[in-house]
Amino acid sequence: MNNKSIRTQILIEALPYIQQFRGAIFVIKYGGAAMKDLISKERLIADIVFLSCIGLKLVCVHGGGPEINFWLNKMNVESKFHDGIRITDELTMQVVEMVLAGKINKELVSLLNNKGVKGVGLCGKDGTILTARKAQCGSIDMGLVGEIKSVDPYLILTLLKENYIPVIASVGADETGKTYNINADFVAGEIAASLGAEKLILVTNTSGILADVSQPESLIRDTNIMQLRQLLSRGIISKGMIPKVNCSIRSLAQGVRAVHIIDGTKPHSLLLEVLTNNGIGTRFLYKQSILLQLNCFSFSNVSI
């Protein structure tokens, strides 16, 4: 098959997905670990622009842990963690907000705008998108680590209606205005649920869920809530993947139709996952017969 035939076949394969998802809402969570490589970042932005141009309604939620660590180090502020959660005092919170809402957020918006689409930079405070509260993390006081009390999607829906791409930093506030550092996976998951999103896509620096972490070819392509519970109980899902899986389960239980975990360092992984038959990562599918109670999953097992 020559190159022209291959290109034609790719377009034909993508066509039913373009037709199916036109007008659908996708929430894309862009992880800090996947942001380190500028080339990968530019490819992902190109994928987002492509999906927007074919009629998808996109919301981007981002974290930025490595960048936060970098700036705390430059300021000679020690990064402190407990069980993988960043202990967030007042000074650390100021740096977190500065880096997420002031630096990373505006960089992503600029990249989108430079490609001809309309990105709008926000954080959870804007339009009271997120109402936060202090997270309960056992007996340890984690400072200004927050969890989501409620989501108001009105501003996001208004922007989507006008064909903007909201880019949301994972910072929120409570009813008194106190600012909290919130895990970006859970921010993306709760926003996806509030929007009735077709898909939640977690862009990371890992291929997805592996049946054997030492075997890259053991990628689990499709799974569901019951199977995820089994993988968690067997310890196959561990460390930083646990909060991603927990937020995925919560999202599915609240009506998001599918959740995907993909490796954002692979060229055009977002397009490959969404517009091809075989995909490139792990896909979690909703099954009503095994719907779980939301209180089975705690916000305390979160890495920020």
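Every residue gets a Cβ built from N, Cα and C, even glycine.
Here the structure is a predicted model, which means the values were calculated and not measured.
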Inset, instruction - For the substrate site that Swiss-Prot lists with Gly64, Gly65, Arg86, give the additional residue from the candidates Asn181, Asn205, Asn224. - result: Asn181
Inset, instruction - Compute the C-alpha separation of Asn181 (substrate binding site) from Lys29 (site 'Transition state stabilizer'), stating it in Å without decimals. - result: 16
Inset, instruction - Starting from the Cβ of Gly64 (substrate binding site), draw a 10 Å sphere and report how many other Cβ atoms land inside it. - result: 26
Inset, instruction - Compute the C-alpha separation of Lys244 (site 'Transition state stabilizer') from Gly65 (substrate binding site), stating it in Å without decimals. - result: 15
Inset, instruction - Determine the most Cβ-crowded residue among the recorded positions Lys29, Arg86, Lys244, using a 10 Å radius around each Cβ and all protein chains in the structure. - result: Lys29
Legend entry - Pairwise C-alpha maximum, in angstrom, for the residues (Gly64, Gly65, Arg86, Asn181) that bind substrate according to the record: 12
